[in-house]
């Protein structure tokens, strides 16, 4: 009788596991459900031309920014409970990017409830030569600079949405975006333009270049 009860219990467990959507384990399914998700789609922003994944841009359009979505910091991808590909594509496209997606019907989502994405740390990786440093030099006194993100593959067309996003990084404590001319300015912390950090933000969001000029507002 005891053996029969054990076998029956195991059978119920197996039946319950097979009924879980998307092939998720009970623990992972409960984890996704905790975010209001059934984990059906996984999408991320990619750069034009290269197809490189852009974690910075992906994180900016996921989680708190998109209902019923969760940012998987391990993968750098956005998970959807519903088919939100059109909405997420609009986000990627607004930053001059493409989008890639795949179905999660056969993928087991790893638990990553404690994962966090350090967007600031990404800005310091592979820092390029400062693109605005020459502009920012004026004897011993630094010269105020303003910058904007531009599409270097399309004649330097300014990318307002990318500039706005790059201007909102935590490093720019007093940074602000001006709608009139599409530049990012900072009254005091504009040295981040000359150090290459703003360039990195444009790069992380959209593989964009920068256009930097002296800021006459603070001359």
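Using N, Cα and C of the backbone, Cβ positions are placed for all residues, glycine too.
The model shown is predicted, which means the values in this text are computed figures rather than measured ones.
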* According to Swiss-Prot, which listed range is region 'Disordered': 74-96, 97-119, 120-142? -> 120-142
* State the Cα to Cα distance, in Å, between residue 101 (disulfide bond) and residue 45 (disulfide bond), rounded to an integer. => 9
* **Mapped DSSP class for residue 92 (disulfide bond), helix or strand or coil** => helix
* Local Cβ density at residue 101 (disulfide bond) - other Cβ atoms counted within 10 Å -> 17
* Structure fact -> residue 78 (disulfide bond) -> DSSP, reduced to three states, gives strand
* Structure fact -> DSSP output for residue 62 (disulfide bond) maps to coil
* How big is the Cα-to-Cα gap, in Å, between residue 45 (disulfide bond) and residue 98 (N-linked glycosylation site)? -> 6
